[in-house]
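Here is the structure we will look at, set down as structure tokens.
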């Protein structure tokens, strides 16, 4: 099988890293050889696979060694559950430098050291998603990842972020093979959430590849720094992640998305009761003015 490179984007706090590690565990359980490249300064993209608080990052190790040229691949590449290879790009100290730069440095280092030449079926990039700056767009921009999955929920800001990421994909699709492969709904138990994300997916010209229900077993597994598939393999939630990984394995639906305008997105949110229609008459009115108008 030819190497498939997939990037997972999504708003911060949406459960992107948890979802990525659980679906990758499902793919590994089915016999696939996988590498995860964490592209988030928090360096939490591999903790459930390695049972670790946080993996040493390429940027940290390079700083200790003197430069990235002084590193060996085995210094930064660790194997975890199911033989999954794990790398974290890391970033600079808060307030110093560009975190996106760490992603660029890490991917270049992995290429030069032959990490992609190993017998791999999939590479997954777990990418910080509401910052669509050059560094974080690296997996898209340099044609590293061809399949982009966006983790989303029925919350307004998660949908705004998904639409912005779709705009980024359009920008780079014309010069390469990058395509939107689907939305993964990580449920927040919002009313009509599955319908809303199906509608958003249709508007973007893609699919909701899977609806992952909310289940407390995810948190119980996380406390133990494990994926659900490893912690409780017979649970319903483990089967949900297996279903998601199987859908990704068989996915052939790769599109150049059709992002929504802000008005279209707000219309969609209003249609599903996520947002009230704007009342232009109250814009700019203070509480005192509103009270005076109400008693007039």
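Every residue gets a Cβ built from N, Cα and C, even glycine.
Look at Swiss-Prot and you will find 10, 11, 12, 13, 14, 15, 16, 17 tagged as ATP binding site, backed by sequence analysis. Swiss-Prot lists 98, 133 with the feature [4Fe-4S] cluster binding site. Per Swiss-Prot, ADP-ribosylarginine is recorded for 101.
Residue 17 (ATP binding site) sits 20 Å from residue 101 (ADP-ribosylarginine), counting Cα to Cα. Between the CA atoms of residue 13 (ATP binding site) and residue 101 (ADP-ribosylarginine) there is a gap of 22 Å.
Annotated pair residue 12 (ATP binding site) and residue 101 (ADP-ribosylarginine), C-alpha to C-alpha distance, rounded: 19 Å. Put simply, residue 101 (ADP-ribosylarginine) is 23 Å from residue 15 (ATP binding site) when counted between their Cα atoms. Here residue 101 (ADP-ribosylarginine) is positioned 20 angstrom away from residue 11 (ATP binding site), judged by their C-alpha atoms.
Taking each of the recorded positions 10, 12, 101 in turn and counting other Cβ atoms within 10 Å of its Cβ gives the largest count for 10. Reported as a whole number, the C-alpha separation between residue 101 (ADP-ribosylarginine) and residue 16 (ATP binding site) equals 21 Å.
For the binding-site residues listed here (13, 15), the lowest count of other CB atoms within 10 A around the CB belongs to 13. Within 10 Å of its Cβ, the residue among the binding-site residues 11, 16 with the fewest other Cβ atoms is 11.
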